[in-house]
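Since the structure comes first, as structure tokens, the remarks are kept for the end.
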Amino acid sequence: MKVIVLLLVLAVMQPVIQSQPFPGTGELPMTRRPPKKELEYWCTYAKSCDFCWNCRHGVCKNKVFEKHPLIKKNDYIQICRVSRYNERCSYFTDTRIRRFHIMSCTNPTYYDWFDELMQVKEDRVIDTENIKHTCLCMIATIALIGYIRKQYSRMQLQAATRLLIFLGLYVLLGILMTNIIMNLPLSTDNPMQMRRPPERDLKFWCTYAKHCDFCWTCKDGMCKNKVFSDHPIITQNDYIVNCTVSRWHDRCMYEAHFRIHYQHNMNCSQPKDLEWFIELKRHVINQDDL
């Protein structure tokens with residue numbers, strides 16, 4: 001009970017503690033936006049943070065670097081918090097997936113947390129050997145569960161111990177089944193591989209998977225849409241994500257490859273435009289900070 005009370009007190013005090021300045025020289029409390037005089041510093045090393053951008057009608061201009069190209073308002077721009085304590089400067093993204101970076105204030109290093117978050121392999125091929133291994137493990141698990149159930153009456157164990165054993169086995173079985181389902185063949189021409197779409201299918205995929213890299217041609221940091229010529233040119237950033245696609249009968253699927261893989265399945269003849277990237281990175285913006 002004492003531990004629970006202590007945790008509740010800490011939870012209540014946390015906002016108060018965060019709002020207080022850090023002790024020492026040159027302190028900056030954990031705040032959503034740095035002072036204007038420090039914008040050039042922070043926007044050099046935290047380029048994706050929202051306090052570096054002025055957005056209007058879906059187009060964003062960099063507050064600090066006038067020569068920076070205009071970009072479309074998208075999820076490359078993240079809500080950030082910054083702080084400074086003596087020679088330690090830090091910033092992190094205030095999203096569901098929080099990314100923290102601490103650096104020396106006098107000798108900072110540029111760290112693209114978003115780039116690392118989105119780091120992926122160029123192609124993903126389903127490993128058939130892994131599927132075989134998973135199936136064997138599932139069969140062995142089912143056999144083990146059957147054996148334990150048969151010996152249930154002979155086991156001289158407490159009821160709680162028996163329950164934990166069965167729960168553990170069923171969780172393992174569930175994990176194995178999920179692994180198999182996620183590796184089911186989905187492509188008719190090459191059922192064991194997700195791949196880039198052919199040129200003739202680009203218009204379809206780029207309508208419903210707008211962020212996928214196969215929809216864009218990038219050169220010197222500027223990206224042009226391959227399909228829709230009237231789409232504005234955007235700067236090359238992590239709004240564009242590596243993707244692979246697959247089609248099986250009337251089931252179409254595309255997958256975004258980053259550390260948290262996201263898959264979207266849809267009816268090929270009646271597809272649904274799903275902004276998976278926006279849903280994943282959705283966050284609440286404090287209107288007072290706009």
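Heads up, the Cβ atoms here are built off N, Cα and C, so glycines get one too.
The model shown is predicted, which means the values in this text are computed figures rather than measured ones.
In the three-state DSSP reading, N242 (N-linked glycosylation site) counts as coil. Annotated N-linked glycosylation site per Swiss-Prot: N242 (among others), in sequence order.
Residues annotated as N-linked glycosylation site in Swiss-Prot, with sequence analysis given as evidence: N267 (among others). Within 10 Å of the Cβ of N267 (N-linked glycosylation site) there are 10 other Cβ atoms, across all protein chains.
What Swiss-Prot lists as transmembrane segment is 1-19 (among others).
Per Swiss-Prot, transmembrane segment is recorded for 128-148 (among others).
Feature annotation from Swiss-Prot assigns transmembrane segment to 163-183 (among others); the stated evidence is sequence analysis.
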Review point. In angstrom units, rounded to an integer, how far apart are the Cα atoms of N267 (N-linked glycosylation site) and N242 (N-linked glycosylation site)?
Key: 22
**Study point:** Count of other CB atoms lying within 10 Å of the CB belonging to N242 (N-linked glycosylation site)
**Key:** 20
Practice item. Can you see whether DSSP assigns N267 (N-linked glycosylation site) to helix, strand or coil? Key: strand
